[in-house]
Amino acid sequence: MAFNLILMGLPGAGKGTQAQKIDEKYQVPHISTGDIFREAMANKTEMGLAAKAYIDKGELVPDEVTNGIVRDRLSQQDVLTNGFMLDGYPRNLDQAAALDKMLADSDRHLDAVINIDVEPSVLVDRLSARYICRVCGATYNRISNPTKVEGTCDVCGSHDFYQRDDDKPETVKNRLAVNIKMNTPLVDYYKNQNVLHTINGERDIDLVFKDVADVLQSVND
Ligand code: ADP
Ligand code: ADP
Ligand code: ZN
């Protein structure tokens, strides 16, 4: 089953968490522009060093850079075969238009845009409790979603976790403000394309996923 999806929602809404569950059930490649930038920064590539200046301030990386990265990834064979879940992209209308063009150029279209809706006030606390497996990228939460065995990743068994530098409350507030401003026109854009599905993200992870799976079922018919 191939799905061409966008996961939308403010930082901390649960995009990565739901992506992990979609991937387990349907094996759809997860494309997170944030993860791609973080990997490039860790490897100190030229692109990573250029992106770091923006990311450290909670600002967006310029569109030319970001669109190029997504275009390359969307042309790879696993995506052509199994589809994609974009997470963290598009972030503005220019990126949305660039994506439409990339897809049209290769005779593809979006199946669904899943918008995970959570009040901003909930997100600062959620993000300050987030921790991530350094080996496989699985995401946990000290309060709402800890590993089953303390200190051991449920997915890959690793004991090596990290917290994101930009999950500190000071950076989170700026990231939220930037994202709230940019989200509204994107939601309208996809509403007009009749592909938007908004899901209440302020419930247990498994209940949110049930709604996500219902959406995927409905677009698969
Ligand atoms: P995003 O990818 O949208 O930034 P994540 O999936 O990383 O968000 O989730 C942010 C944090 O909130 C993580 O620590 C995650 O474990 C936790 N989380 C995700 N979904 C929920 C939920 N429905 N309820 C409570 N906590 C959640
Ligand atoms: P968030 O939890 O803020 O959604 P992400 O992991 O998606 O974080 O992104 C981390 C940072 O990477 C962003 O603050 C931004 O600087 C950069 N970034 C990620 N995706 C994009 C994008 N589509 N356009 C521009 N910058 C991006
Ligand atoms: Zn892991």
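Each residue, glycine too, has its Cβ placed from N, Cα and C.
If you look up TrEMBL, you'll see Gly12, Ala13, Gly14, Lys15, Gly16, Thr17, Arg130, Thr139, Tyr140, Arg203 marked as ATP binding site. For Arg130 (ATP binding site), other Cβ atoms within 10 Å of its Cβ number 20. Arg130 (ATP binding site) falls within a strand segment according to DSSP.
Sequence annotations record features per position, and here TrEMBL assigns AMP binding site to Thr33, Arg38, Glu59, Leu60, Val61, Gly88, Tyr89, Pro90, Arg91, Gln95, Arg164, Arg175. Tyr89 (AMP binding site) is surrounded by 23 other CB atoms, counting those within 10 A of its CB over all protein chains shown.
The feature Zn(2+) binding site is assigned by TrEMBL to Cys133, Cys136, Cys153, Cys156. For Cys133 (Zn(2+) binding site), the number of other Cβ atoms no farther than 10 Å from its own Cβ, over all displayed protein chains, is 21.
Sequence annotations record features per position, and here TrEMBL assigns domain 'Adenylate kinase active site lid' to 130-166.
Taken through DSSP, the region 'NMP' (32-61) splits into 20 helix, 1 strand, 9 coil. Sequence annotations record features per position, and here TrEMBL assigns region 'NMP' to 32-61.
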*Cα of Thr33 (AMP binding site) to Cα of Cys136 (Zn(2+) binding site): how many Å, rounded?*
16
_If the criterion is a C-beta within less than 6 angstroms of any ligand 2 atom, which of the binding-site residues Gly16, Cys133, Cys153, Cys156 pass it? List them in sequence order._
none
*Relative to ligand 3, which of the binding-site residues Gly12, Glu59, Tyr89, Arg91, Cys136 have a Cβ found under 6 Å from one of its atoms?*
Cys136
*Cβ distance under 8 Å to Tyr140 (ATP binding site), same chain, sequence separation 6 or more: which residues?*
Arg130, Tyr131, Ile132, Cys133, Pro146, Thr147, Phe161
